[in-house]
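One structure is given here, and the rest of the page talks about it.
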Amino acid sequence: MHRLKLDDSGDVLLECLRYLQRKRGFQMGHAYQWLSQQEKDNLKGIYVKFDDRKINLTLGHHPDNLKDKIIEKHFAEPFCTDLDLLIENQKKELICLEIMQNSETEISEIRLKILEILEKALISKSVIFLKIDKSINLDFEEILPLVQWNPGGEFEFDLHFLTSENENLDLEEMSLEPENFLETINSRIRNSEIFEKFGNFRLDSILLSSISSDYEDSEDDVDSENSETEILDPKTSTWQDVFRNLVIMGEVLKNLQLFDIQRLRKTCSGARKCIDRIQPNPHISKYSIQLENNFRIFAEISLDSGEYQLIMYKKDSDIEMHSSGIWYKTVEAEILIPRILQDFEVNLMYQKTEIQEFQLDFCYDYEFKTHSLEQFIQKKVEEVRENSAYAVKKSNGLDSFKEEFLENLEKFLRSKTLKTRKINIGCVSQSEILKILPFLNSEVLKAINFHHPYSGTRMKTNNHVILKILENSNLEIDEISKTEQWRNSEELVISGLPIFTNIQSLDFTNFQFLDILVDTVSSDDVFHLKTELSKSSHFQKFKIAFL
Amino acid sequence: MSSTEQGTSSAAPAEPTTAPESAAAPEVPESFYYVHGKDKVVHKVSAGALQHSALIHGMISNLGYTEEQAKANPFPFENIDGDILQMVVDWCNQHKGKPTPPEDTNLPKQKEKLFDLVLAVNYLEIKELLTYCCKQVAMMVKGKSPEEIREIWMIPTDAEDEAAEKEAKKRAGKEAAGETAAAAGDAK
């Protein structure tokens, strides 16, 4: 850090202001304060002429376009402050930056200061367009930092030498014509050896020009980035500035969760950009997706704060309404699945911690609700008798819909492993479960819960009826039990759905809590479980129900 | 600088009111610095309290300020209202050398004051106080619709913002044209 030391004769206040200027762009200045904001923003040229008695600072398109103000006596400091501010706050490329010494009289301090300001500007600004005309003797060592600083080769340097004060230099000896010499300088400009060889030159002009074709875009980006990260000036800032400031918004967002973040994101583009860059944790605790049928899906999102939203994705309608605490979102038919998965991805994108539960249900509430209970039970009993547990799904085209959904979900889970402590799946097929379970983070997953979709959360009151209907349904879990997720989990609950796989072929020893439903259980099975589970050091409770 | 030093009157809260030091600790005379806001009222603040502000702390360490120099030249924060600076100074004094509590219930509830305080605290880089202020802002955002948020904090919609920007550009263009014409008139 550049450390300034004050002595008693030093202008403490000025140093104070300059410190603030450097830290905060506190735009005090001298000539600078006479400029209108428009002039500051559209500065095209800075022309400096100096000798030992005065410094002329001319601003505008051309030196003739003068702002005539005079600062008497101690003019060097104010000049440097002004030049610093002008270059630092330059919004557009300069057509010309010309620095000329009127006489051969050296004011080395001023010259060094100018170079220091330019160097600082070049380092802090990623793109700049400068033409520096100098008709002064200049030691290369002074300007070397400027020339060496050329990130990404963005600048092209042309140094024009008309004469050399180095008597040892013999251009002819180097077999170089002046034009070729210039080219050579251009091509070798990044090699500092050139300076060691040629020593001190009379430098007549330096042209730094941006060779980046996307110059304007990159400058816009830089400006926009700066405005978001910079410390705001209390005098001129608005709430709008506050809502797009990364530091302040970062602190605000630490106290907000998904729904408030989403609402804040919709207020204005500044807040939106800021939130997207900060990527705040949405604090989702539970994400539940229920496929009711092929034209209606529910998503329920619960947050750590206890807030929740129930969102209905419905085909063939574009109405969005909010009623009784439920958000109904509707989307066009052909994009129903991509839309719900896109929301799922976006909502969880910045989740920094694992969610507590991910629930997926293939339930048929809608059908249940559209029939009387008796009609519904009768229909289901008939379907089950016909040994067609999927009849209802097939008749609704739900099978293909569910397949499409699972395929898309599998793709998503393959690309981004979901971290959830509990998985709760309501379906009747091992193959469907295997499209989800293996892609969950096995280190985080501690509880596995399978249930029949008819016994989903929204059908609880009728579980006993539904269970009777579905007693012929069963679930194979042989492949599931081989997954890493199964092996690392501590809790397994399979409800409303008898296990079809032979118990003795399954390894339950990793579980602390077990609650399963089986078709039949033999004395051999019980003996096997007793033997196996007694070997486990963390086994706590095992409940087997059978039909 | 024309200032009204209030080291003993309005700056009275600046006098340290810290918990008594441990008896075993050696007595080190505390140094004091001075700040003033837009109203030029000077506040005397101990170096310990100023540790909260990264900006002022940086100014002190980088400028090599002595106490005498500081007394003659208060840190000028002309862009901060006097009452807000007073609030900040009080907070710094209250929390000097103490761990900051998880909650601070003494922050202003009115959005105008809170706004000024957020900006001042952000400017002075007082991280802990900024955290409290931002929590307060977050509490005010909670449960509000985008429309309500825009209304409360006077944030224009994107469309309004764009329209205002266009209008400003148009006005600036006209002003520039006017200035050029005036300059041409003067030249004649």
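Keep in mind that glycine also has a Cβ here, set from the backbone N, Cα and C atoms.
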| B:44-72, B:160-188 - the range that TrEMBL marks as region 'Disordered' | B:160-188
| note | Counting only residues at least 6 beyond its ends, the same-chain positions whose CB falls under 8 A of a CB in the domain 'SKP1 component dimerisation' (B:127-170) are 52, 54, 88, 91, 95, 100, 103-104, 107, 109, 111, 114, 117-118, 121
| Residue counts in helix (H, G, I), strand (E, B) and coil for the domain 'SKP1 component POZ' (B:38-96), per DSSP? | 33 helix, 8 strand, 18 coil
